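Annotation comment: TrEMBL describes 1-22 as region 'Disordered'. The feature compositional bias 'Polar residues' is assigned by TrEMBL to 1-10. Per TrEMBL, the feature substrate binding site maps to Trp76, Tyr169, Lys299, Gly332, Arg416. Summarising the annotation, TrEMBL assigns pyridoxal 5'-phosphate binding site to Gly136, Ser137, Asp270, Pro333, Thr334. Per TrEMBL, N6-(pyridoxal phosphate)lysine is recorded for Lys299.
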Amino acid sequence: MELLNTPTVSDQDRGGPDPRGSAAARLVARDRAVVWHPYAAAGAAAGGPLFAVASASGVRLRLTDGRELIDGMSSWWAAIHGYRHPVLDAAAHAQLDTMAHVMFGGLTHEPAVRLAETLVAITPAPLAKVFLCDSGSVSVEVAIKMALQYWLGRGRPRRTRLLTVRRGYHGDTSGAMAVCDPDGGMHHLFTGLLSRHLFAPAPPCGFDEPCTDAHVAPFAALLAAHADETAAVILEPVLQGTGAMRGYHPGFLTRVRELCDEHGVLLIADEIATGFGRTGELFGCDHAGISPDIMCVGKALTGGYLTMAATLCTDEVADGVCASEAGAFMHGPTFMANPLAAAIASANLELLLGSPWRETVRRIEAELAAGLAPAAELPGVAEVRTLGAVGVIETREPVDMAVIQPRLVELGVWVRPFGRLVYTMPPYVTGTADIATLTAAMVEAVATASR
């Protein structure tokens, strides 16, 4: 099989001249010369295969060399309706006819107000104020900054630390990195350079396992010992994403909310990965029936069309922030509340909420569980698990990307493993047959990589 990081494509492999394959190879060569990809070394040192995409439609990516892949990643969990959805395309075109962007300082516009109204309506009460920003990481930065400024406004300047759990992930910017797992996470190299926060053990109770007082005790003890210096607790509700791809029982989240109330500490819910139906409820917090003081949403917010996120807070938090010396929240990204992204986000949410999304996610969960089950018998597999439209094969050893990625592509699917996790978060529009192809390919690729 051809790997697109080679400078040329073998005509013999394709039975004759293939200008498409050659064009793909040239594009990859140009890429290697100037582009730095995420979580990769720069340029030619990056190593591993790189695949050039020509177009995307529905749940399929069409490579420049003509191959088609079922997308099992929803473009990093964002494209819940797939690609080139006519409703979202129409929303983008309509907004482009009026205004692509305008600064948000001193100005407002219909797309931003409409989106904020929708977010307040669908998120847990009493969340009431919406700060529209650029990306998930920025949303977390905004949430942390809100929490810190809140306590300044309330006359408690010593409350400067965050408390979270291990195996968590909240983004790649500095404030967000500081609340990612400091030892086992991808940002451990920066641990000594970042703000020092508090880390309780990861929730030990799986999503379907009972959550006991003993499970919560280490978290409760840490919070009790440091409550006077803790500004907020930050958690990914019921599903730890990039740090673990592991669900935990909603009862843990319920107890965390109770403990935050007991100690007068804010609760930040990072719903960037879990929001908009991915776990089977509209938001992860809904599994526990709790409301945070601050909530971060992103990824699926615009259906994968444009970058946008939001940080929501209660009126109590907003009032506390504005009671500080500044009298205002001192944050303002250049592209915040971008009208093009906001218009698409509103269309995306209308499309989601007008669909039988709950039944769809339930179907996908059942099909992922059935399709991935054979992987549990493989000797190199530690665990197979599903939660909502998330399916995970966890291996005993880190996967070799140079082996498993080309094999997945050869099998006709796009899945991007990392560490010991081979996982999928497919678009909600993925049909039964495509889920079957996707899961079979994952099992086969893991089996191949384990040999």
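For all residues, glycine too, the Cβ spot is worked out from N, Cα and C.
By neighbour count, meaning other C-beta atoms within 10 Å, the densest spot among the binding-site residues Ser137, Thr334 is Ser137. Around the Cβ of Gly332 (substrate binding site), the number of neighbouring Cβ atoms within 10 Å comes to 12.
Comparing the binding-site residues Gly136, Pro333 on other C-beta atoms within 10 angstroms of each C-beta gives the minimum for Pro333. Nearest by CA distance to Asp270 (pyridoxal 5'-phosphate binding site), out of the binding-site residues Trp76, Tyr169, Lys299, Arg416, is Tyr169. Checked against Gly136 (pyridoxal 5'-phosphate binding site) by C-alpha proximity, the binding-site residues Trp76, Tyr169, Lys299, Gly332, Arg416 yield Lys299 as the nearest. Calculated from their C-alpha atoms, the gap between Lys299 (substrate binding site) and Thr334 (pyridoxal 5'-phosphate binding site) amounts to 19 Å.
Taking Cβ-Cβ distances under 8 Å and a sequence separation of 6 or more, the neighbours of Trp76 (substrate binding site) in its chain are Lys299. Of the listed binding-site residues, namely Lys299, Arg416, the sparsest CB environment within 10 A is found at Arg416.
Of all Cα pairs drawn from Trp76, Tyr169, Lys299, Gly332, Arg416, which the record names as binding substrate, the longest spans 33 Å.
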